[in-house]
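These notes are about the structure you will find just below.
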C-alpha cells in the first residue's frame, strides 16, 4: 500500500471507528495579539498557552467577516454569510430574521452522527417568533446562554466585577434586560454577570459527563462572551490580571478553558477529545485598553484589514495532532467539512465555502485552501468581496473604516474613512509585511514580475467569485418587532423594564 493511501486509510478508520469528542471554544472580540502564545507581554493565559504548546498553532487563520453575527453563521454552517442571508450588520433582540432553519449547522451534522450536542454562551444568530431560530431548533440538544451580545440591553445598573463594580457604559437602551436561557426557558433576566462563566463551565461539565454515561461522543460549542465589552469576571479573576478589566475578562476565559480541560482529563478523555480554540473577529479598538490588541496587524473589528479578520487559532488532540506551528491558510469556514471528515459524518447537500483541512491537522498533507475572500460587515452584490488573499499576497479592492476600530493612530481604520475603491488594488506581501504597511505596487525598488502576476491572478479570482456568488435574502433586512424581545414576564408593564427576574447571584 502506498504511504499516502495508508495515511488516508488511517484517517478513514479514525473517522468511522471512534469519532472524537469535540470541544469548540469561540472567544468574542479577541485580537490576534491578545494571547501570551501570540506574543502579548502581559496577558495571563497559561491554559491557552498550554494548548498552543501541546497542539497546532495557526499563524494564518481567518474569519470571512469581522463582525459577530456573520462570523458565527460562517463558523456553524461552513458557508459565507451572504449565502445564508446573515447580513448586513448584526441581529438584535427585536430582529425578525435569524439563521434560516434550512441551513445545516455543525451541530445538526454531528447530532446525526450520534453526538450529544450542547452550546454554552453567546448565540447571536437570531431569536424569532417563539424562539424559532434559537439553538434547540438548530441541532443543539442542550443550550445555556444569552441569545445575543450582552451589551444589547441596558447594563448601567448591572455589576460586572464583584462585589459591586458597575459595568462600564450604558449599553443599548430601550430594550429588555439581557436574558439567560436554558434551552427555551428564561433562567434569569438579567443574569449575575460575575457568575455567568462559572455557570457555563458547570453546564459544560454536566454535558460531557452525561455523554460519557450514555456512551456517546459529545460536541460542545463553548461561545464565551469574553472579551466583548463591557468586560466582566468572577471574584477569582477581578483585579488579578495586571491588564485591567480586559485582562481580567481574558483571564477568566483562560480559567474556563483550564476547567474544561480538567474535566476532559478527569473523565479520561484527553486522547479522545479534539479541542479547537479561535474567535469571531478582531479587537474592538475603539475601547482602547478595554478593547484588545491586534498585535502587528492593521486595524481591528469591522474592517477587512488583517487585524479584523486574522484570528488566533489552536487545535489540540493528544496522540493525533503533532504539536507545532503552521503557516498554512485556514478559515473558520473549514471547520464543518473538516469535522465531518474526522467523524465520518456526511456533508450537507449544499454549496460549502469551507474545505477539509484534516490532512493538515493529522500531518498527512497540506491545507487545500489557497485563497480567502473577505466581505465587509455591510456587503452588497455591486461591490462583492472587498479583499482577497491568495498565497502570500492580499489585495484590497475596496476599503472602509469602522467605528469599532476608531481611536487608533491609523486613519484607514476609522469610521470617517468612507468606502474607497482602489484601482489598481492595494497589494501586500503578507509574508514580509503582515501589518499591511507597504503597498508593493508603490515600491521604490519597482514592482516585481511575481507581484504583478499575483495581482492579475487575484483580480481574476475576484471577478470569478463575484460572478458566481448569489446573495441569499437578507435576514437582517426583515426588520424588527419589539414583541419578539424575550421577557420573563410577557404580559407585565411597563415594558421593557418590567422584564426583570434576576435569579440568584451564582
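Glycine too: its Cβ is placed from the backbone N, Cα and C atoms.
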Candidate from 68, 167, 171 that Swiss-Prot assigns to the same Ca(2+) site as 28, 29, 280, 281:
68
Say Swiss-Prot lists 122, 149, 301 as binding substrate: which of 40, 226, 228 is in the same site, per that record?
228
What subset of the recorded positions 122, 124, 301 lies within 10 angstroms of residue 281 (Ca(2+) binding site), using C-alpha positions?
301
Whose Cβ, among the recorded positions 122, 124, 228, 301, has more other Cβ atoms within 10 Å than any of the rest?
301
Cβ-Cβ neighbours of residue 281 (Ca(2+) binding site) (radius 10 Å):
28
Taking the Cα atoms as reference points, how far is residue 228 (substrate binding site) from residue 68 (Ca(2+) binding site) in Å?
10
